[in-house]
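K.L.:
Sending over a structure as structure tokens; questions will come in a sec.
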């Protein structure tokens with residue numbers, strides 16, 4: 001919002017957004033789902049258009065000469081700074097993947113969950129390929145890894161030099177900065193909406209299980225856990241003071257809980273055929289996920305301490 005209204009303090013926008021999301025979630029799963037439908041729609045359209053334009057630029061159909069894979073032949077490409085560089089970007093990259101686990105939380109309020117939840121999970125891998133892998137692939141084809149704009153966009157809050165904006169601008173869309181700023185705003189609203197829904201429902205479940213105050217488990221006539229929602233919004237106001245971390249640890253805990261669930265399920269003599277969804281290549285996939293998550297976790301620490309030349313950073 002500072003791109004359009006630089007003189008307005010950022011906390012004012014934060015309060016307005018938090019109030020907006022709180023109002024949406026008061027309508028329950030229907031309000032949450034309707035908001036996500038439109039907010040996610042903006043992202044989907046933008047990404048599909050971006051991939052289409054990026055492919056056309058790479059083939060030389062628009063924006064000038066065909067690039068192909070030429071930029072992968074310059075020094076450092078396609079993995080800038082080697083293993084340290086890869087681990088160094090995991091913190092930012094992981095943020096994009098956070099939220100896919102929300103499918104499990106919404107199961108209690110989804111119509112016909114035995115059919116819809118497995119369908120949503122199976123679609124996740126294709127959405128990851130479209131939204132994350134394809135876009136970064138296009139950026140890698142069209143922007144040099146030593147382009148100054150990449151480093152500047154990582155250290156400056158300037159949407160005009162962001163990779164997505166640069167691709168659109170070089171394709172001839174001179175209002176790309178405003179377009180991408182609007183897309184980012186919708187993405188932020190979507191992320192906040194999902195987080196508020198997930199947190200309030202988790203508090204509700206804890207209250208009903210006796211692991212949190214009982215009043216947090218109560219719902220109104222529309223099935224909305226009002227108390228849990230207000231507590232979540234209260235914590236959100238505290239979050240103005242800083243940034244909360246811990247996403248990778250959350251995913252590790254989800255995988256461990258999944259393993260324990262399957263062990264308990266088998267110990268009770270129940271048939272796996274009764275489960276509406278079974279994770280592929282279990283338990284190998286679960287343990288691989290834990291190992292990879294730990295590798296990312298410790299790799300981030302390594303990248304934070306070691307320079308690109310292999311020496312230790314001054315801390």
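Heads up, the Cβ atoms here are built off N, Cα and C, so glycines get one too.
Pasting the relevant annotations from TrEMBL:
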- 1-307: domain 'Amino acid permease/ SLC12A' (DOMAIN)
- 12-32: transmembrane segment (TRANSMEM)
- 44-63: transmembrane segment (TRANSMEM)
- 83-103: transmembrane segment (TRANSMEM)
- 124-143: transmembrane segment (TRANSMEM)
- 228-261: transmembrane segment (TRANSMEM)
- 281-305: transmembrane segment (TRANSMEM)
K.L.:
The transmembrane segment (281-305): which same-chain residues, six or more beyond its ends, come within Cβ distance under 8 Å?
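P.N.:
Distal contacts: 83-88, 90-91, 94, 248-249, 251-252, 255-256, 258-259, 262, 312-313, 315.
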K.L.:
Below 8 angstroms Cβ to Cβ, which residues of this chain, lying six or more residues outside the transmembrane segment (12-32), approach it?
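P.N.:
1, 106, 109-110, 188-189, 192-193, 196-197, 200, 222-224, 226, 229, 233, 236-237, 240.
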K.L.:
Average the pLDDT scores across the domain 'Amino acid permease/ SLC12A' (1-307) and report the rounded value.
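P.N.:
Here the mean pLDDT over the domain 'Amino acid permease/ SLC12A' (1-307) amounts to 84.
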